[in-house]
Structures are given as structure tokens and as C-alpha cells.
Amino acid sequence: MNFGKKVWLIGNSSEKSKKTLNKLSKILKAEHFVFDDINPEIVISVGGDGTLLRAMHMYEYQLDRVRFLGVHTGHLGFYTDFTDEDLFEVVEALYDENPAQAIHYPLIRVQVSFTDGYQIVRHVLNEATIRRASKTMVGDVRISDYLFERFRGDGLSISTPTGSTAYNKSIGGAVVHPRVKAMQVAEIASLNNVVYRTLGSPMIVAEKDTITVCPAPEDDYSLTFDQLTFEYKNIKSIEFSLDGTTISFANCAHTPFWERVSKSFIGEVE
């Protein structure tokens with residue numbers, strides 16, 4: 001009999017994911033796992049990477065005591081180690097799973113400060129972006145205390161090493177191994193001519209540095225925290241840092257990072 005490990009399942013709306021979640025739930029109940037959505041030990045994501053990101057943000061304020069495990073039911077599951085055909089293997093892995101052997105990935109802390117003194121703090125697993133709704137974004141970019149540049153363009157993306165394979169990669173950023181404790185700044189359609197200049201290439205920023213963006217006072221900024229999008233105005237500054245917060249993945253059938261990258265983007269090498 002299971003020793004009472006507490007789990008919770010989160011799925012997406014596809015029929016395949018619903019069926020997989022239902023089947024896995026029945027297996028786990030038969031094996032006497034405890035279902036707890038308030039204080040789970042392991043959150044099982046059934047779907048794709050978007051589902052895993054949603055699960056992470058649902059438990060964003062419990063990351064110090066929650067581990068995640070992904071079952072993917074689609075075409076691309078960078079954060080998922082199992083498929084919908086591996087459900088009995090999932091149960092076996094949960095029996096054998098040891099919290100001390102969890103895999104940890106760094107998160108970026110994002111602090112948004114407003115002109116009235118109000119602040120919000122979020123953490124992201126993939127990336128955070130800032131852009132304007134329809135016009136050119138203008139903002140000063142500081143690396144720690146140094147004014148690095150005045151950016152003009154569609155926006156900026158700041159990503160984690162694991163997030164470097166997501167939106168960051170699609171806008172020309174580099175792929176960075178999670179062992180490299182750093183943040184990456186990638187420009188979104190920067191404006192470069194004889195009048196206005198930006199660096200024009202991605203930047204890898206060291207662990208101890210902070211990145212601060214001070215946007216011009218406009219009222220139509222769009223900020224994303226992974227897959228979550230918010231509209232803000234009166235933003236004074238946005239500070240990005242690595243504060244030591246991590247997400248923990250159950251080390252059940254963990255696939256090495258470069259193997260994940262190869263399988264996700266290259267496929268079979270002949």
C-alpha cells in the first residue's frame with residue numbers, strides 16, 4: 001500500500017488530456033495516493049508545457065514544498081518526462097521518487113514598481129516580456145547600477161536558461177543550459193539606425209547582476225509572466241533578478257537537458 005504521498009493533477013481542455021487525467025486519477029486512487037489540491041507534495045501536469053506553466057503559477061507561492069511531474073499528451077513537451085502511454089510507469093516512479101533527488105531549475109524574480117509606490121512581485125519559469133500595445137516602446141535598461149542603453153523597439157524579453165528554448169529562441173536568443181546561472185535579455189524588433197542604437201544582440205547577464213527596465217511614462221504597457229498577460233500603466237521600473245527561487249521537478253525519469261533540446265528541435269539525427 002502507498003504510504004500516503006499527496007498529489008494533485010492539473011490538465012488542459014483537450015479530450016486526450018481529459019481522458020489521460022481521468023485514467024491516471026483512477027490508477028492513483030487504486031494505489032491509495034492522497035489527492036490534495038491545497039498542500040500537495042507533487043503536482044502532476046497532464047498536457048503540454050503550457051499546462052505545466054499554468055500549474056507552476058497556481059502553486060507559485062508554495063514552490064519551496066511542491067514538486068512537479070509532467071505527462072505530455074501533445075507534440076512538444078519540453079518540461080515533461082512521460083507520455084500518455086506511460087501511466088503505470090508514472091505510478092512506479094512516484095513510489096520510488098525521493099524529494100532529496102529533485103531536479104531544480106532557477107526562476108527569475110520580477111518586481112514591477114509603479115509611480116504611486118505600489119509593487120507587485122512574480123516569478124517566471126520561462127520568461128517575462130514588456131512591450132507596448134501598438135507603438136514603439138522606449139525604456140532605459142540598467143545592468144545593476146549601470147545605465148546600459150536606451151532601448152527603442154517592440155519590446156524586451158528576459159528569460160531563464162530553461163526558458164531560453166521557448167519564446168527567447170524564436171526571437172533569436174541563445175539556448176543556455178540550466179547549470180549556467182544567468183538571465184538572458186533578447187530584443188523584440190529593436191529600432192537601429194543612424195539616430196537610435198541598441199546592442200542589437202542577446203545578452204547573457206550574470207547571476208549576481210540585476211536588470212532594470214525603466215519605461216517611458218505611457219499608459220499601454222503589456223507585461224507577460226510566462227503565459228500570463230497583464231496590461232499596466234504608470235510603471236516606474238521593472239527589476240529582474242535571480243533570487244535563488246527554484247522550481248523542483250520529481251526526479252523520476254529525468255531527461256538530460258541537451259537530449260531534450262535535440263528531441264524537441266532537431267529530431268532523429270541520421
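For all residues, glycine too, the Cβ spot is worked out from N, Cα and C.
According to Swiss-Prot, the features are:
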- D49: active site, proton acceptor (ACT_SITE)
- 49-50, R54, 126-127, R152, D154, 165-170, A189, Q227: NAD(+) binding site (BINDING)
Rounded Cα separation (Å) that holds between Q227 (NAD(+) binding site) and D49 (active site, proton acceptor):
10
If you count Cβ atoms within 10 Å of each one, which of the recorded positions D49, D154 comes out on top?
D49
Using DSSP and three states only, what is E127 (NAD(+) binding site)?
strand
Cβ contacts of E127 (NAD(+) binding site) (under 8 Å, same chain, 6 or more positions away):
I108, S157, I158, S159, T160, G163, A166, Y167, N168, T224, D226
Looking only at S170, Q227, which of these binding-site residues has the biggest number of Cβ atoms within 10 Å around its Cβ?
Q227
What's the CA to CA span in angstrom from D49 (active site, proton acceptor) over to D154 (NAD(+) binding site)?
25
In three-state DSSP terms, the structure that Q227 (NAD(+) binding site) belongs to:
coil
